[in-house]
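Q: Sharing a structure, written as structure tokens. Questions coming.
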Amino acid sequence: MELGPRRATVVTQGADMDQHLSRPTWSRQIEFTLAGIGCAVGLGNVWRFPYLCYRSGGGAFLVPYLLMLVVLGIPLLHMELTVGQYMRRGPVHALANACPLLKGVGMASVAISFIMCTYYNVVITWALYYLFSSFQAPLPWQNCNNTWNTPNCTNHATNSSFSSTASQEFFKFKMLEQTSGVEESGVLRWELFLILLLAWILIYLCIFKGVKSTGKVVYFTALFPYVILIALLINNVQLPGALDGITFFIVPEWDKLLSVEVWVNAAAQIFNSIGIGFGSLLAMSSYNSFNNNVLKDTLTISIINSLTSVLAGFVIFSAFGYMSHLQGIPVRDLAVDGPGLVYVVYPQAFANMPVAQLWAVMFFFMLLCLGLDSQFAMVEVMVTSLMDEFYQHLITFFKRKELFVLALCGAACLLGIPCVMQVGIYVFQLMDHYTAIVSIMFLAFFEVIAICWSYGVNRLSDNLEEMTGKRANIFFRLCWLIVAPVLITVILIFSIIQFRPARYGDYVFPPWAQGVGWVIALASIIWIPLGAIHTLWVLPGSFMQKLKLSFTPYGLDKMTKMPYYEREGKDGCPVIAVISSNMCRPEKPPVQTNL
């Protein structure tokens with residue numbers, strides 16, 4: 001019989017076991033649900049989903065999107081939450097237990113979370129900059145009568161490539177003061193640096209007490225964005241031309257469904273939006289109570305995430321219709337591209353709305369809330385994983401967990417400085433391209449292999465039954481075993497075939513910068529082979545014995561932490577009692593096992 005961590009003897013150092021048993025939990029389960037929603041619902045829901053709809057046939061994109069939600073998003077989220085809650089550990093230990101050979105996947109998820117949080121907080125910095133600027137009257141991007149504007153500035157967009165809108169010039173020449181390319185670094189933008197520092201202070205104050213403080217903050221940061229989204233929608237649908245934008249959003253162009261790229265984009269959007277492979281939700285679920293209803297949280301988080309994307313689509317496309325009406329060009333001809341949707345196109349729409357300052361303040365405050373939730377999750381992955389692995393060393397050195405979290409936030413803040421220099425937008429684009437697009441696909445692929453195939457669908461169902469009293473149904477088991485691995489493999493292959501070097505607008509990064517991008521990507525991916533090599537190195541026996549044990553769940557525990565391991569007794573207790581259980585009694589003296 002396969003024994004899970006709660007049925008296996010754990011003979012470890014007392015301090016490590018005490019730390020594991022005293023692991024904090026969410027004060028109320030609703031706090032985890034809200035934190036999970038906040039983690040999944042982010043800036044991608046506001047700009048990436050509408051952008052993909054815009055590019056992929058409007059309503060036609062919803063067909064593959066919803067299908068991928070059912071067969072990929074929900075099953076994989078269920079898998080991650082089950083593993084995190086059962087093992088009560090962060091992604092490093094959880095993956096090491098599931099498949100020792102692929103323990104590097106957990107290490108890679110910590111690395112990618114650290115890399116992403118250094119530049120993702122720059123997006124929050126931009127939101128704060130726009131938020132502070134929104135209190136001015138008129139809005140600084142409302143007209144071309146400013147010192148930073150060029151002779152080519154125009155108050156209304158045209159199809160001419162030689163002109164630029166007041167909104168574009170505010171973003172490019174006022175906030176970023178961007179250089180001509182990555183070769184020209186420029187100087188530090190002190191305004192942005194101070195706002196970056198403020199953003200990290202906000203992050204620290206929200207998470208320094210762990211789930212106890214984060215759980216209180218998410219009541220506001222996870223719920224308030226919906227108040228603003230609904231208010232924006234009510235306002236936008238009353239604007240002239242709004243119906244044209246909404247029609248473009250919901251009326252399908254069915255011929256687009258014949259494109260493989262649309263289907264892959266739908267799968268990738270579900271995948272990246274929910275955050276499979278980042279380790280964030282796995283880490284946060286490790287603080288759940290053992291008997292929490294995992295399926296309820298899975299459905300709540302995944303469905304609300306997708307409904308938020310659709311709601312944001314109505315808000316954005318109603319504004320598109322209004323802009324189309326003002327500029328006299330069709331909705332499909334508007335200049336829409338990536339994050340510029342949030343910081344260029346939408347602010348341009350605000351500038352012409354009644355009470356422009358009010359809507360601008362509300363919108364950018366919503367972006368701040370969305371960004372903070374996602375940032376909480378990425379920092380929590382690092383804190384959880386490092387505390388799991390080096391608890392005694394860290395507490396000995398820092399004395400208090402709060403000081404360790406402060407040091408972590410400080411290091412990430414310093415590493416984010418290149419993104420707030422004049423060259424910052426190029427650094428940001430390079431890091432985002434090679435981290436969020438390249439690295440995450442490899443991590444997700446190996447995570448699914450480690451959990452679904454190595455750890456096994458039956459064992460995962462057993463864990464679920466032990467926690468909730470119910471095994472996973474046939475739909476989830478089929479998705480875990482066949483559908484999800486196949487779909488992720490297809491996405492990975494397609495991503496490799498269709499890979500394009502990083503670019504920002506018309507600017508293509510030079511070869512040396514692309515090389516730096518690959519180094520950034522490898523900074524997380526490299527932990528997968530390194531972890532495999534280390535596992536094979538430390539396991540005993542011949543190469544084939546090492547290989548077999550490396551695919552055995554808890555194989556490393558059996559060697560490093562369990563000089564004795566046991567069979568299950570008649571009463572369901574192991575022969576050697578788990579340290580945390582006083583109910584079980586050994587049936588006979590332990591027997592030394594040769595591995």
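Any Cβ shown, glycine's included, is placed from N, Cα and C.
Bear in mind that TrEMBL entries carry predicted annotations, made automatically and left uncurated.
Positions annotated as Na(+) binding site by TrEMBL: Gly38, Ala40, Val41, Asn45, Ser273, Asn305, Leu370, Asp373, Ser374. The disulfide bond annotation in TrEMBL covers Cys144-Cys153. Residues annotated as transmembrane segment in TrEMBL: 30-47, 59-79, 110-132, 187-205, 217-234, 262-287, 299-323, 358-383, 403-428, 434-453, 474-497, 517-539.
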Q: Work out how many Å separate Cys144 (disulfide bond) and Leu370 (Na(+) binding site) at their Cα atoms, rounded off.
A: 30
Q: Pairs 6 or more apart in sequence, C-beta under 8 angstroms, 3 or more of them: is that satisfied by the transmembrane segment (474-497) and the transmembrane segment (299-323)?
A: no
Q: Can you tell me the CA-to-CA distance separating Ser374 (Na(+) binding site) and Cys153 (disulfide bond), as a whole number of Å?
A: 35
Q: Is it true that the transmembrane segment (59-79) and the transmembrane segment (187-205) have 3 or more Cβ pairs under 8 Å, skipping pairs fewer than 6 apart in sequence?
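A: Answer no: the transmembrane segment (59-79) and the transmembrane segment (187-205) share fewer than 3 Cβ pairs below 8 Å.
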Q: Which whole-number value in Å describes the distance between the Cα atoms of Gly38 (Na(+) binding site) and Cys153 (disulfide bond)?
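A: So the alpha carbons of Gly38 (Na(+) binding site) and Cys153 (disulfide bond) sit roughly 38 Å from each other.
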Q: If contact means at least 3 Cβ pairs within less than 8 Å, sequence distance 6 or more, would you call the transmembrane segment (434-453) and the transmembrane segment (262-287) in contact?
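A: Checked: the transmembrane segment (434-453) vs the transmembrane segment (262-287), in contact.
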Q: Sequence-remote contacts (6 or more beyond its ends) of the transmembrane segment (299-323), Cβ cut-off under 8 Å?
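A: Distal contacts: 33, 36-37, 40-41, 45-47, 49-50, 53-54, 62, 65-66, 69, 73-74, 77, 157, 226, 229-230, 232-233, 236-237, 239-249, 270, 273-274, 281, 331, 334, 336, 341, 345-346, 348-349, 352-353.
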Q: Taking the Cα atoms as reference points, how far is Cys153 (disulfide bond) from Leu370 (Na(+) binding site) in Å?
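A: About 31 Å separate the Cα atoms of these two residues.
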Q: Run through the Cβ atoms and count how many others sit within 10 Å of the one on Cys153 (disulfide bond).
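A: Here the count is 20.
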Q: Which of the listed recorded positions (Val41, Cys144, Leu370) has the least company, meaning the fewest other Cβ atoms within 10 Å of its Cβ?
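A: Comparing Cβ neighbours within 10 Å for the recorded positions Val41, Cys144, Leu370, Cys144 has the fewest.
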